[in-house]
Each structure stands twice: as structure tokens, then as C-alpha cells.
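> Below is the structure I would like to discuss, written out as C-alpha cells.
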Amino acid sequence: MDLAISFTDNGEIFGYKTQGWRRVFCAAGYILSCGALLLLFYWRPEWDVWANCIRCSLEEADIVLLRTTDEFQRYTRKKVTWIDLSTLALPFGSNSDGPLVADKDSVINRAVMKPQLKIRCIQVQKIRYIWDFSVKEFKKVGSLEDSNTCHSIHHKFGAGLTREEQKIRQLVCGPNAIEVEIHPIWKLLFKEILNPFYVFQAFTLTLWLSQGYIEYSVAIIILSIISVGLTVYDLRQQSTKLHDLVEEHNKVQVTVCTKSEGCKELESCYLVPGDMFLLDGKKLSLPCDAVLIDGSCIVNEGMLTGESVPVTKTALPLVESLMPWKTHSMEDYRRHVLFCGTEVIQTKATGRGPARAIVLQTGFNTAKGDLVRSILYPKPVNFKLYRDAFKFIVGLSVIGVFGLIYTVCVFVSHGPVADVVTMALLLLTAAVPPAIPAALTTGTVYAQRRLKKKKIFCISPQRINICGQINLVCFDKTGTLTEDGLDLWGIIPSEGSRFQKIHKFPSSTPLPWGPVCGAMASCHSLVVLDKKIQGDPLDLKMFEGTHWEIEDSSTAQDGAGALNICVVRPGLKASSAPVEGIAILHQFPFSSGLQRMSVVSQKIGEEQYDLYMKGAPEIVSSFCRQDTVPVNFLKELKTYTSQGFRVIALAHKVLNLGKDVDVKEAESGLVFLGLLVMENRLKQETKPVLRELAAARIRSVMVTGDNLQTAVTVARNAGMIHTGSKVILIEAKEPEGSAPASIAWRLAEDCKANTAEKITLEGETCNYHFAMNGKSYQVITKYFYNLLPKILVNATVFARMSPGQKSSLVEELQKLEVGGVGGWTDLSPSSDSHGFQALKMAHAGISLSEQEASVASPFTSQIPNIQCVPELISREGRAALVASFAVVKYLTLYGLIQFVGTALLFWQLQIFGNYQYLIQDVIITLLVCLTMSLTEAYPKLAPYRPPGQLISPPLLLSIILNVCFTTAMQTCGFLLVKQQPWYIAHCSPGNQTVSPTSPGENGTSSGAQSTVLSYEDTTLWPLSSINCIIVAFVFSKGKPFRKPIYTNYVFSVLLALQLVICLFLFFADIDAVYSGMQVTLTLCHVTPQDVILQNKHLWLLIKAWFGYQSNSQYRKWQRMLQSDPSWPPVNAKDFEAKSTDEIYINPTYEHSNE
């Protein structure tokens, strides 16, 4: 019996069946506990399921419990529902054993319970899953099966679905709509109020109000109402914006074709997977994911990628292949897919009629739906600060419980039970300041405001604290470290297997006509939109270098009908050419997976067809006849890439096959034409920023889609690889035949002159760096995973990385615990939705955008360079983290100071007066919490990070010592006052003695009316008040992460005023002993805190004395590699070890759509 099975890539599912008698007992528990049990089940849904249900198989379950397998182990409760198909007018024979839908491979056929015609389903994060009886699992529905081949997609769905099948799919898959609910204000308010923090706060305030402590309670209530109101308003605004963003695409009119009724207009919400619809040339915002089966089109994918660059989509080939269509197209299958949310701006019909597409996915299964789901259900941030804060509160609660027991023991024989319980709960709440969770956010709120002034926007404020712990940043190259645009530097033509004289740009003489000029004029994906040439910046620069011109889409007549053809003609400044122009008949668009693009063209007035190719030199040369590739090709390529140039290769072939060509046959035996050299300059801000990060011991890594040699050169020029450091190139190859997978290590050419120098790794710096391309990274991840951590410790350059590989790299760095987090800065995202996956996966993804906030990343900067990185990650992040720690430490000490004072007074059956509490709580503590975090970040980065743990020796020792000083001094004051000759045990009428009172009256409320305090109270209250002010001063340390305390004018003036007010109140009636004790208090607090506990060098000595070493995976590997004489390997080659164990396969590659 399956009690638990794998549900998704990161979750498990368990089956449960509801039992009546259990529900009755739980209902009784709800009533007897006055709703407390119901509230507990709301917070912990798994307890609700365990209490009301019994375990069973998933097949019998009416309730399922989902559990994530990440470090959070979060539970979600879902009810199993039924879809009834018997209400539909189904064709005769549907109740038999035959398939319900025509596609025999569809999960719908395997999910129908016959003869009832019902389907079991659950809804998880907007995605519907139905029960597959054949494999006993819940399967996702709303997509076409990936097992379909190219041939089956064309033949099963090319003519459309029947009307009956459409209805079945509509009922099972649900509407094709991305619906974001605008939550009612009452629901948001209810959800916010039921937060454990506010529930505890409500309990505390109720207790305080019952004791007549009205002023402070009202102040806290007002602040809480403002806080809840702002949170609810913000959530409401976010859901409204997201709803408005997606709603307009839910009701698009499309022309859908069915087998029985032909083509007709239909609202897009009725589309189902398998529907065939027409693209008739009108601009269309795509309401679903679809695969193009006929014709081609140009789409704007800016909605998903942030780049408004036109992308050409081509039809899925009709080939007889047994492989699934995605596998057949390899990682390049996206060039056939039209993604939901993108805009079709131009279509190109074929002789068979308008362009046609098959619906692949609908609703939240689409690319846009997935993006919206990532906003609605963000991945929880794993940061020790928030986990430690919870542990901290639990620890304080334990102290409070001890205080509760102490109070009961003291008061049990001196008053009614109600008074004893009240006093016990008062001491419990004194130990746990309810503002601790809120205090963690004060620093981030102020930091967010300062970042906004610097044009850095954040959609996830809690990540600002995480930025304070980052010590590794991954940078994209083009547009991030280097200038956004490329400049055409020159063309090196090849003729007769030899490179010719370089033609530089700009030049007084135009590029002469020839195959090279033809390739530059036609091998691109540029289009004319609104009388303006648009497309990839590289294509645009290349085309502009020819001085040719693109005509608007013209119409040429063909025997089968009309075709839209792109025509390029020589411009006025172009060199004379013997051709009138070139017609681009067919495009095989560029993709990051293939690293090349091709076009089939025809010179106007001639019958000959030409194929031109451009792309990565290593790739293009492999498609050329070797007798046309110059012998010194690699040497010439390295000459330019080593100088940091971007190099593109060009190739050509004459075709005699007609217009419909097989791409594999056409892209072979090409003639190598030459190298196109593009210049990509470093931004002037890059070097200083990277130097600043290096000085702060923040490691920089480059991850780019460019050539490896170019990337290494840019890394050297930018300062990522220091002068004198060695670069070890890693090349890994997959198994070939009987040969196992191999990995080779060789020193880069520019390092070989100094091979005699020993390669070492010492401390934080090393004199060697690893560099590799995406293909090698993928092989290492798959076949040499045990070596990956060793490599990542010192890997600096990753080139030719696909978007999926970038995401995987961020994940692997986070596993390595490089400083606890990995950062990602991508200022020119890939034109693929997976480029944003890396931004989202990183703890502090930053993207450049002119908009105020990007859904693609937690942070968006309007500063067009990497200056935002030290500003965000290092300065504001560190300052916010330190501020959060300072406020938490202060609140903890404030709570414990009051706890000790109250506990001592309870021994005498006394309590502080309400106005005394009011001064400490509002005039001192509340104002301190609101202003302490206003101190700005220190402008210079320290070469180390602030502590990332609340539960750490320095912080705990700081609190413990302060508590000991507080306890000692308050106890001394408490005992010394009793020994004075003028001491009276119970002074009248002003004592605060808690004694049995009549109903409706208690000792605290009656005592609050007194004007004279007891001697114990008069002693302890000044001590605790001065203590709170001194602790606030001590914990507001400035350097090295924040500016000095005196620069925070509001806070400094406030502390001075508080001290003046307190001293004024104290000196109204004081003696020499009292005065002397205040002086002692001041000295003994500043010294240990400032001199000892905040001294980093002293802590380093203590760590070295006790042999303490960091437990992070990164430091462990670093220490191990330092002591390994065989590392790093140079000029060596290793092979995959033969093992009976299963080879590790990174899930990112197994599930990546690359």
C-alpha cells in the first residue's frame, strides 16, 4: 500500500482518510479550548490532518498532505475532489473500454473511472493534478504529453480536435486563464491578525489592559494597527497590480479549427491542449503556450524576458522520428514554441495557408503562468537570522516560564488565584518583548528607503538582510561588466584556406561585394517594424557595416500562393554589387543551445539558392569543409579572443535543392568565409567596483555565453584574475564508444612562461583560477560530480553557459555554502525565461531595468553598471543586518532588565507603577527601536562580514554578561536599600504592595493611584531605566559596518534627552548611596561590551587558541585543498571511474529544458 510517493521534484504526498469520531473529538476540543486548538491547527495544517484522519493509500484518500523536501519541510493540506464527466453529452461507446479522447497517450484516458466517468483530482498552487490509475500517481494535467513525436503532433492535432473532445478537455483541464484573485480586505486582515506574533501581542495587551496599563497598551495597539494596515494595503496593491497585469490576456479572440465544425472565432479561455488555431497576420498577445506547425512568425518576448528584441519562430518539422519532439529538437526546441504572454508582431504564411499552431499548455502551466506562480508562491528564504530569531524567542519564553513558576511560588499564599495567575503572566510577558519579530524588519525598512533614493528597488525586503552575508557574486559579461552594445571592429576574410588582409571599421572604403558581404547582409534575423530596423544588437551592427538596406515585407508570387519575404538591397553608400538585392527565403534562427544561425537566400533575378551561416567560430568551422578552413584558424582566433574581442565566424554554401531544404543536409560541407571581429569595451565603473569587492573579500565570478578565451581575457582586464595568477583551463568530454568520460587540465597559453612557479592556495587568496565552458561544466556535473566542489572553490570563469547551466551553477554554489549565499548580477538577461531562473534562484538577484521593479529578480537597479552591487550587497545589506541584530539585542536586554527588576519586587509582593513602565516602554524603548536603525551604512567596505547568527558566542556572551551585571546591580541595590537606617518595610500610602483585593479591584490598579513609591521601587526603577539607556548606546556601535553613532542625529539627541529626563526625575529626591550606584553602573557596562565583545581581533585570537574552524562546506574544502599536494592538477587528464554505483545526475539537467 503506497502511503507516500514522490509528488514533484521537491515534494512528497501522503494519503489520509477522514474519520467521523476523530472529527467529533476535534470539534469538542475547539469548543473547550475557546478556539485555541483551531488556531493551532491553522498554523500547523499537518496536525489538523493527523488529528482528524488516518493514514491510507493515495487511491483511497479523501485528504492529501503535501510536504516539501527542502530544509523547511513545509506541509500543505489538500482535499481530493471529483470531476464528473457524465454530465457531458459524450459520443456513444464512451462507457466502454475504449479511449475517451482520441490521443491514446493522454493521461485523461488513464484517469477516468468507468463506468461512472469520474476523475479524482487535487489543485496545488494553481496547478491541477488527476489520479492516474495505471501508475497510481497524481499527474499534472493542462499540457500535451511530452512523449508526442513531431509526426504525432502534426497528425493527431494538425486538423484540430472534435467538439466532444474539446468539452472533455475543458472540464478536466479547467479554463485557459491565469486568474489572480484580488483578496478581500477582510480576508487579508484576518490572515495577518492570525500571525503568531500578533496573537501573542493580543494576549499580552489584553493582560496589560486588565491591569490598568492603558497608555502603553494603546500606543502599541495604534502602532500595530498602522503596521497591519500598511501590510494589508501593500498586499492588496500587489494582488491588484498582478491581477490587472494578467487579466487583459485572459479574454483574447482566436480562430480555432475543429474537425467537425471548421474554423471559428473563440474566446481564449475555452482553449484546451491539442486545439489548433490560426495566426492570420494580426498582432496577437498569445493566451497559451503553443507549438508552431506551419509557417513562421516574429514575436516580442519582452513580457517574459525584459528584452524587446524580436525573435523568429519556425515551424516544427514534419519528420518520421520515434524520439519525443523536444528530444528531436534538442535544446533548441524553443524556436518552435510560442510562449504565453508574448506578442506575435508578424506572421509568415506558407503556400498551404495561414500560419498554424497547436496549443501545448494552458493556464498556469504556461511560461507566463509559471512566472506568475513564482510571484504568488515565492521560494522561502533560508537564512539563519530568521530561524535564530525564533529560537531566541523560544529561549526567552523558557526564562519567562521559570519566572512564572517563581511568581506562583511567591504569591500562592498571599492572594486569590486570579491575582496569582495575573502576576505570573505579567512576569512571563516581561521576559518576551512582543516587538522582537518586528524589530528584525526595522533595519531593512530604512535600508530599503535609502536604496530607493539610490534608484535600487526591492520586491523582497527581507533579502536586504541576507545581502549582508554575501561573499560571492556571479556576473554576466556583456552589458554588465562590458558595454551593452558591440562595435564592429573588422572583418578578416578567408580565401583559398588562407586569411586575407583585415578590413577595419569604420573605413573610408565600403566593404567590397562578395560572399562575405552577402553573408553580413543576409545572415540575420532583423525585421522592419514601424519603419525601423529592429533585432539583435549584434545583427544590427553587422548589417549596418555593409551599408545595405532592408525593405518592408514585400509580396512575391509563388505557384502555391503569396509569401512574405524579407528583401535586402545595396544602399547609396554600399559598394557596387552585380545584384539588385537578396531575398531571405528561410531562417534557422540563432539559439544559445546551437550557438549558430543560418539563412537560405536567393539573389533577385537568379535561380541559385545560397545558405549562409554565422555563429561561434568553433561551431561554424565544424560545419565547413576542412580544406576551406585556414591552417592557422585557431591561432588567429586566439589572437583576437585573447585581446577581449568578440569573434563571429561566417560560412557559405550554394544550394540546388529548392526552397524546402532539410537543415541537416544543407548545413554541411560549407565554405569558410572568415571572421567577424566585434569590440566590447569594459565599462569604466567595472574595475573600481571589482577592486572594491576584492578588498572586502567578496569573490567575483564571471558567467557568460561568450567564447572562453574572450571571457578569460575580460576577467584579467577587469581584475577578477590578478596579474601573476595562473589560469587552468578545464575541458571535459562525454563518453565516446568504449572510451569513458574524461577531464583534462591544462595551463592557459599566457601562463606557460611561468610554469616553474609553484601553484599555491593560501588563506583567502590563491594564485590559480579555473576556467571552463558550459559543455565541460555539464559533463563534470554528470560524470565527475565528486570533483565539482573542489573546482568551484577556485573557479572564476564560466563561458558558453546556457541559461539552464547558469541556474545550476548558482544552485551548486549555494550547496557549497560559499559564505552562506550566492549572489547573481545579470544586467542583460538572456532571451530565455531560464535566464531569469538564475536571478530568482540567487539570494540577491539584481537586474537592470528602467522600471521601478522587475518580477524577474528580487532587486532592480536603474544604475546602468555594477556600482549597485557594493551599494546593495555590501553597504546597505551589512548595515541593515547589523541594525537588526542591534535592535534584537537591545529588546532582549530591555525585556530581561524589566524581568529581573519585576522579579525582585515580586519578592516583596510589589510591582512597578504604570507610569514607571510607561516611561521605560514608550519614552525610552519604543523611541530607541524606531531610531536606532537610522544610522547609515559606513562608506568603506570592511574585509569581513558581520555575524550572521543571533545564536553565536559573541552575541550570547554579550547578552549573558549584561544580564549578569543587571542582576548583580539590581540585587545589590535591592539588598543595600534594606540596610539603610531610614528604610521602612512598607511605606504608606505609596507602597505598591500586592495584596488580596475585592472583586473588580487589584493591587496594581490601586497602587497606580499612589504618589509615593516604596523604597525598593525607588531604587530599582532608576537603575533599570539608566540601564536601558546605556544598553541602547552600547549596542549602537558604528564602524566598521555603520557610521558613528553621532552621525545619527535623531538617535543621539533622543538618548541625551532621555538621560536628562530620567536624571531630572531621579534627583527630585536622592541620596549619596543612590548617586554612587549610578556611576558604577555606567562604567561596568561600556568597558566589557566595547573593548572585549566587539573586538574582532580578540575573537580571532580566541578562535585560534581553541582551534575553532568554520563549518561551512566552502571552508572545509578550502582547508582540504590547501593540504593536498596534488591539487590543482596541471597538464593532466583523468577518466571517469568505473563503478557499480549509480552515476549522480544533477536534477537541473534532468529536468532542464535546455
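Every residue gets a Cβ built from N, Cα and C, even glycine.
What TrEMBL records for 12-132 is domain 'P5B-type ATPase N-terminal'. The transmembrane segment annotation in TrEMBL covers 20-43, 216-235, 392-414, 420-447, 880-909, 915-934, 955-976, 1019-1036, 1048-1068. The annotation domain 'Cation-transporting P-type ATPase N-terminal' is assigned in TrEMBL to 154-203. The domain 'P-type ATPase A' annotation in TrEMBL covers 251-375.
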> Among the recorded stretches 392-414, 880-909, 915-934, which has the greatest number of Cβ pairs closer than 8 Å to the transmembrane segment (216-235)?
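Stretch with maximum Cβ contacts: 915-934.
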> Return yes if the transmembrane segment (1019-1036) and the transmembrane segment (880-909) have at least 3 CB pairs under 8 Å (sequence gap of 6 or more), otherwise no.
yes
> What stretch, picked from 392-414, 880-909, 915-934, 955-976, has the most CB pairs under 8 A with the transmembrane segment (1048-1068)?
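That would be 915-934.
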> Could you put numbers on the helix, strand and coil content of the domain 'P5B-type ATPase N-terminal' (12-132), residue by residue per DSSP?
34 helix, 40 strand, 47 coil
